[in-house]
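A.B. asks: TrEMBL feature annotations, pasted as is:
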DOMAIN    1-393  domain 'Major facilitator superfamily (MFS) profile'
TRANSMEM  12-33  transmembrane segment
TRANSMEM  39-59  transmembrane segment
TRANSMEM  71-92  transmembrane segment
TRANSMEM  98-116  transmembrane segment
TRANSMEM  136-160  transmembrane segment
TRANSMEM  166-185  transmembrane segment
TRANSMEM  215-240  transmembrane segment
TRANSMEM  252-270  transmembrane segment
TRANSMEM  282-311  transmembrane segment
TRANSMEM  360-386  transmembrane segment
Amino acid sequence: METSQAFKTLLLYRIGATLSYQIMMVAVGWHLYEITNSVISLGLVGLAELVPYFILALYAGHAVDHHSRKLIAAIACLLHIAVGLFLTTIALDWLTPPVPLIYTAVAFLGLARALLRPSYQAIFGQIIPRNQMTRYTAYASSAFQICVVAGPGLGGLMIGFAGLEWTYALAALSGAVGLYGITFIRITHEKPEGLSTNFLKSFLEGFHYVRKHEFIIGIMVLDMFAVLFGGAVSILPAFVKEVLNAGPETLGILRAAPAAGAVITGIYLARRPLLEDSGKHLFLSVGGFGLAIIAFGLSNNLWLCALFLFISGCCDSVSVVIRGSIMQLTTPDQMRGRISAINGIFIGSSNELGALESGIAASLMGLVPSIVFGGAATIAVVLLTYRLAPHLRKLNLKDLT
């Protein structure tokens, strides 16, 4: 199978699975709040997903490196389909009590997410030639951002026009689209000689590899702390209400702005990849993200806020493409699953902790100071990493291809 065709097929897998996840999470939030009328019940959704994700993630990375990557990817899609159908029966009142069953479904969605990331990353690295890695990473990033925006929007519309049961059914159908995509990818997985079958030893090999490589540990630190401190999006509802004195339509515009910037930048980078001075562009993009968050926090005009969030999305896209390319180009094929799983755990935890940090900081400092603090902390992390990772700042991606 030629590269472009293999990539399109893999992208169909990721789009289907991502849309399924996004639609289900929106529907679950609405469903739970409709039943409980409790904000706490919404907060527990993240916990219900995160715990099983962390439990399975490292073993999933080990499994991806030792067994059929297609099979593991297919299992992830089958879980999306099963969870979607299970939630459909709950929405139809065929199963009770609904609340614990919904949380159980979310837990299985966390297991699916743990399988999805390492299998996708490993197959991506296997089918894309090294000299085209940056271009295809940019295309994949743009497609993912479109799903992140389209999924919740589509889910919300379906809830309003067709009801929860049809929304969950659509999520199951999206999972089936992902399964269809992965079925037609032609890859072989040959287990290298000397690869340990012992999970603990295999797991430690992955951590030792990350620790030894400045490029990988550097981009993980940058990503983790940028997400941790720059999580202004998690408190957007409060910002819209208290600073802009606006309603849900404004929230929708501001939520879409970073994704729009990321999609446009990703398409541009696919055509003009940053193969030279890539390390400097990486640091500039994360620093620019921090500055954009500060500017957003200091703005009280809708369109200025949208502009700065759009810029933050542009900067984030540059960072995502460069980091993704570095991760793929510096990781041996036989370790892609484990390294991706380790990276996923760091980023997964920073997403949840970032939302928590933003909420605590906002309650202690106030909304605007907390957003400015987050942007400034991101810039401080960039400066520190720039000083401590000299090889990363001198990196040219063309030297890795």
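Cβ atoms here come from the backbone N, Cα and C positions, even for glycine.
Because TrEMBL annotations are produced automatically, they should be read as predictions rather than curated entries.
Source: prediction; values computed, not measured.
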A.B. asks: I'm a bit unsure how to read this: which one of 71-92, 215-240, 252-270, 282-311, 360-386 has the highest number of Cβ pairs shorter than 8 Å with the transmembrane segment (136-160)?
C.D. replies: 252-270
A.B. asks: Where, among 12-33, 215-240, 252-270, 282-311, 360-386, do we find the most CB pairs under 8 A to the transmembrane segment (166-185)?
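C.D. replies: Stretch with maximum Cβ contacts: 12-33.
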A.B. asks: Suppose I define contact as three or more CB-CB distances under 8 A, residues 6 or more apart in sequence; do the transmembrane segment (98-116) and the transmembrane segment (39-59) meet it?
C.D. replies: yes
A.B. asks: Looking at the domain 'Major facilitator superfamily (MFS) profile' (1-393) alone, can you tell me the average pLDDT?
C.D. replies: 84
A.B. asks: Quickly jot the same-chain residues contacting the transmembrane segment (215-240) by Cβ under 8 Å, restricted to those at least six beyond its ends, or write none.
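C.D. replies: For the transmembrane segment (215-240), the far contacts come to 209, 246-247, 250-251, 254-255, 258, 282-283, 286, 289-290, 293, 296-297, 305, 309, 312, 319, 322-323, 326-327, 330-331, 339, 343, 346-347, 349-351, 353-355, 357-359, 362, 367, 370-371, 373-375, 377-378, 381-382, 385, 388-389, 391-392, 395.
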A.B. asks: For the transmembrane segment (282-311), I need the partner stretch with the highest count of C-beta pairs below 8 angstroms, choosing only from 71-92, 252-270, 360-386.
C.D. replies: 360-386
